[in-house]
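A.B. asks: If you scroll down you'll find the structure; I have some questions about it.
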Amino acid sequence: MGKKRAPQKGKTVTKPQEIIVDESKLNWKPVDIPDTLDDFGGFYGLEEIDGVDVKVVDGKVTFVTKKDSKVLKDSNKEKVGDDQESVENESGSDSESELLEFKNLDDIKEGELSAASYSSSDEDEQGNIESSKLTDPSEDVDEDVDEDVLKENVFNKDINIDDISPVNLPEWTNLAPLSMTILQSLQNLNFLRPTEIQKKSIPVIMQGVDVMGKASTGSGKTLAYGIPIVEKLISNFSQKNKKPISLIFTPTRELAHQVTDHLKKICEPVLAKSQYSILSLTGGLSIQKQQRLLKYDNSGQIVIATPGRFLELLEKDNTLIKRFSKVNTLILDEADRLLQDGHFDEFEKIIKHLLVERRKNRENSEGSSKIWQTLIFSATFSIDLFDKLSSSRQVKDRRFKNNEDELNAVIQHLMSKIHFNSKPVIIDTNPESKVSSQIKESLIECPPLERDLYCYYFLTMFPGTTLIFCNAIDSVKKLTVYLNNLGIPAFQIHSSMTQKNRLKSLERFKQQSAKQKTINHSNPDSVQLSTVLIASDVAARGLDIPGVQHVIHYHLPRSTDIYIHRSGRTARAGSEGVSAMICSPQESMGPLRKLRKTLATKNSVSTDLNSRSTNRKPIKWQNTVPLLPIETDILSQLRERSRLAGELADHEIASNSLRKDDNWLKKAADELGIDVDSDEDDISKSNSDTFLLKNKNKKMQKTINKDKVKAMRATLNELLSVPIRKDRRQKYLTGGLVNLADNLVKKRGHNSIIGHEKTNALETLKKKKKRNN
């Protein structure tokens, strides 16, 4: 068998105090939740462990424990415990290693081999197997450190070609020299060809010039500027001293998170080892966590932020000013909103901080006089939107011959606010139409106090994924409760909600919408329900919610640009959608008239296909939007349901508000040591609290006693169980123009209305347009 090797003399084995362990090898214990705890906030299935320390290095969490293996699973004790103890006896370890050395590989048990190669698995995978001696524990720690170093250079090693599917995107490859990472991601996301704004923007942006892009909603503006900056991120990944690549500013938090998600999807392989390279910094979330993430290596190379939170971070840490002053690209998404009141002051301070620091760096290094590349994108660029910012009346008195002259005026105004390297290149993919041609607009005329009823009618007649916009937060809250009382899944999002609750509500809406689509696809004969998201204008800009079929304007928007962005939540990525306005007669003579006149293009003309006359007359604003047909017999059957649901919604909201007011008053009184009951009479007599008393009395009038609430709910449930019938037909199912018996047997017709054909809002408007033509 050969001679035994003599043990090496003079060699001392150091016993490490700690070892790094994988979390899957730890003996986790489930956390017992007490029965008296009502709400655990969704944290179920938690596990805990003692005797383990947690260390975070560059965002990577590692678990460290001492050499006793009590915290390890039984399968790992043999591996870590016994083998490491045997290292203390050199002769014992040598003899065991020799036995393993001269064994046939077929005779070696799986446990022995794993124990022998526990700390050198990486070397075995490369085929460089050294002697099968048990490795010294001190070498375990050193090799773990070496592994981390290798992971940082993961992009320098060879790529397994078998893991990459062939890319066949000729339109993308002909557009610009894009990396394989981006092309692979575009193919996986099924973005097979670029949109119009992407075709015109990406090559120009990659040349480093300033760009001002205008395109309709849902046209792919995010990737138009996102692909070039992600290309820079990929090309700079191997550099050690990485400078920030891009700053992207958005007007809303939701839009910032959405842009972050879109950029991460097209560079997932890059983020696998540096997950914080693309970072979202918005309000409503922990600023301490954001400060900690910015300190990680290679983090924040692309930052998507709202101006308020980013300014707060800069003012708290001056090193961030120096760091982000070296940025290469500055991007303004939805720039028209960013430069309006409320955002521009913060944005101007940010630009001032960065420019001052950049000039200092340029003077010290004698670098180029060129500042960052500036990219501006929006769906609406109109000079009217900048009137509040301008102190000159010359802008208001201007009249423009065409759209290009108006955009040039906007650029002149922007150049006084934003620092460009030169006059930006204008890329306008919809010079004439302001609303996307894929959106079919419609008008619903209703009495001013019956908006809820007509909204319920639309959702019953045209079920689907619907987004409803309201001007007031109180309307959002009431409409949500109202629709839930009628059995329609409704979710809400508005500015009074915390950021966490906003994101949670959006996620629930998407899940419910996907669930309903799955049910309808698997069982087309099932009753189709509408899935509704009710929102204030906080969700009007930029949000890409997949599958929204209808947008309802519960109130007319306050400005034209808000209407354009609201309507743009449907008809995304080339699909079609419906935008319906609920309008009272009083609104039609004022706000509606102004809205339609502003939206009317200069080239809007009547198109008569049979007439060859060149004298075409402009279309009147009244004829630019068709009326949605309303069937009064169905509406009358919904009226009583709507009344009961509305009263119950008012009661629920008023009761919750009164309860919150009482709890707040009692809490404040306890903190001040005041007896609330003794002071109630004095408060009621005080003239200074007249407004509070009126508000309280108004809420009290909307409340209903418990017995009446139960009776109303029972009546409402009974009405909801009765199917709606077209023309109120209840007898002679085989008579009339439509054979109801035949439709019921063959499961044809509307799923919610007996005797009615299947309806689709989009097809209804298309048919009406054809009849009018």
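We number each residue from 1, going along the chain as drawn.
For all residues, glycine too, the Cβ spot is worked out from N, Cα and C.
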A.B. asks: From 171-199, 229-257, 403-431, 519-547, which range did Swiss-Prot mark with motif 'Q motif'?
C.D. replies: 171-199
A.B. asks: For the set Ser95, Ser131, Ser138, Ser752, say which residue Swiss-Prot annotates with phosphoserine.
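C.D. replies: Matching Ser95, Ser131, Ser138, Ser752 against Swiss-Prot annotations yields Ser138.
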A.B. asks: If Swiss-Prot marks one of Thr135, Thr518 as phosphothreonine, which residue does it mark?
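C.D. replies: My reading of Swiss-Prot gives Thr135.
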A.B. asks: With Swiss-Prot as the source, identify the stretch among 333-336, 497-500, 729-732 annotated motif 'DEAD box'.
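C.D. replies: Based on what Swiss-Prot states, motif 'DEAD box' spans 333-336.
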A.B. asks: Please count the residues of the motif 'DEAD box' (333-336) that DSSP assigns to helix (H, G, I), strand (E, B) and coil.
C.D. replies: 2 helix, 1 strand, 1 coil
